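Per TrEMBL, these features apply:
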- B:THR196: active site, nucleophile (ACT_SITE)
- B:ARG224, B:ILE225, B:GLY226, B:ASP227, B:THR246, B:GLY247, B:GLU248, B:GLY249: substrate binding site (BINDING)
Amino acid sequence: MVGWAIAVHGGAGVDPNLPTERQEQAKQLLTRCLNLGISALRSSASAIDVVELVVRELETDPIFNSGRGSALTEKGTVEMEASIMDGVGRRCGAVSGLSTVKNPVSLARLVMDKSPHSYLAFSGAEDFAKQMGVEREENDYFVTEDNVGMLKVAKEANSIVFDYRIPTTGYESCGAGVESPIRMNGLPISVYAPETVGCVVVDSQGRCAAATSTGGLMNKRIGRIGDSPLIGAGTYACDVCGVSCTGEGEAIIRGTLAREVAAVMEYKGLALQEAVDFVIKERLDEGQAGLIAVSKTGEVAYGFNCVGMFRGCATEDGFMEVGIWE
Amino acid sequence: MVGWAIAVHGGAGVDPNLPTERQEQAKQLLTRCLNLGISALRSSASAIDVVELVVRELETDPIFNSGRGSALTEKGTVEMEASIMDGVGRRCGAVSGLSTVKNPVSLARLVMDKSPHSYLAFSGAEDFAKQMGVEREENDYFVTEDNVGMLKVAKEANSIVFDYRIPTTGYESCGAGVESPIRMNGLPISVYAPETVGCVVVDSQGRCAAATSTGGLMNKRIGRIGDSPLIGAGTYACDMCGVSCTGEGEAIIRGTLAREVAAVMEYKGLALQEAVDFVIKERLDEGQAGLIAVSKTGEVAYGFNCVGMFRGCATEDGFMEVGIWE
């Protein structure tokens, strides 16, 4: 028996000028989600059930960029994606390109448990959703006024929505984020608002799980897939730990960020926080991202190399913390 | 300067009863592709250009399961996917759900080089293809008589097309592949025919690259995504090595197989062949798969834990080998 631990996030890369009211709302949501998870853990729920439960709550709330409140594609629609992974057996499920599914993480769970595949996308994923009878909504449900406004700004700023690649010719204007004003993925931070959500849990049996959900990049091309549904990139769980990442999609993908935390624990013998720090420092190059993680021994950790990450953590011994900045 | 090296594969998991004529055809194609790559390498082409060139050839030939000759979805259509990664900067591009693009690997390259994203899928990917003006064909072009027949057999066998997960209730019939008759992904090996293709190269500057392309699982659900387009799973390249995998999709995804080879080289200091052997032995559990790899020092290696893998390798010092069985 170990002490359980839980962490949630609502995205890495936060506008330092975010209105105080908005910061408070975000912290309240993170707190509420932590408490939901803690309640379930106290009732001996399994890690995989808790991560799903908590991410559902994050998706349902319009504040962050997942489910309702998802970032909008260039066409003003939503294409949501999510993945979930059970450290037990490293089972996983993922979905992309959802437009009517109220809780993408739950569909990802169904892909894992009830479909013969690991990853379903676009119309095939929507068909599966109908077949499974999950809750579905019209596009309007997911689209918030805030995001309609953000999309307009993104388009007017005439920014290239950028998955942050090592600059090649033609993209000289999209550099790393240390310049001012702060930019991530080629957008000013006030517009970028990644706000992918995620949850990692280790339960009292030492089982780890992780889940990540997002609407993706504001003003993204139709069909663009980011890191959140990709096992090993945005989400990973094994017998050693559970990890969920957020930030610049391409940096997370080519850094196989979530898997990396586990790999350095397994192969270099690093403890959780050391592993998180190592990965954030060594695997991101110019990329900006953050992650949350738990280990099978009941530890919880997080790290980020950008300005702010909405996060919260709690452990069974009563520790609880919600934060945005360093 | 190092000696260059190249490896190609046409899928892991081969029917031991495959007619000799078919085996010969396959070996001839592998040989032709190796020679194509060798020719380019002798003209100092870069690794990233060579892997694309070779995989294009594999896609164009109807023999293996990619491009023309792709496995068919449950509806008799094709949904092709591919990924490519450049060890230099770990840049990457991927595509899924293609139905008209003659060379998926080239579209993946364009996603990497010419789009603001890393991964495009389904209608969004098709739109990008039109925009880029790549060669496109009608569905008929990709569909071979062989595969129409295979699809029928798969349906009649009433097999669940299975991404091979750790058995949960209801899937007891889909066990690991040591039983007879040989099954992979829940299908008898004579029907399964994964035949994903791939190529890995290290050029004379020591730069590594990898690319993988496939039509996916025979009789797959619409929208199903496998390991081939997933960076870290089916494809990976970094400054140390280049890797392309093939076999049971879910096993490769949850084993983050391609990244694993590089990770054990980096973190455990294993040499290429040791790393390949370690990964095949330790990361697959009951899964069946194979992979090819090259290292920055000019080595080439491959490994597989199933019955057969179509592969070929060559190095600058004149070594060349094409094979199917152990």
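Note: Cβ is positioned from N, Cα and C throughout, glycine not excepted.
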DSSP three-state assignment for B:GLY249 (substrate binding site): helix
Recorded positions, contacting chain A; criterion Cβ under 8 Å; candidates B:THR196, B:ARG224, B:THR246, B:GLY247, B:GLU248: B:ARG224
Neighbour tally for B:ILE225 (substrate binding site), based on other Cβ positions within 10 Å of its Cβ: 33
Residues near B:ASP227 (substrate binding site) in space but at least six apart in sequence (CB under 8 A): B:ALA233, B:GLY234, B:CYS245, B:GLY249, B:GLU250, B:ILE252, B:ILE253, B:LEU257
When distances run from the Cα of B:THR196 (active site, nucleophile) to each of the binding-site residues B:ARG224, B:GLY226, B:THR246, B:GLU248, the nearest one: B:THR246
Surrounding CB atoms that lie within 10 Å of the CB of B:THR246 (substrate binding site), all protein chains: 34
Number of Cβ atoms other than its own within 10 Å, given for B:GLU248 (substrate binding site): 30
Cβ atoms near B:GLY249 (substrate binding site) (within 10 Å, other residues, all chains): 32
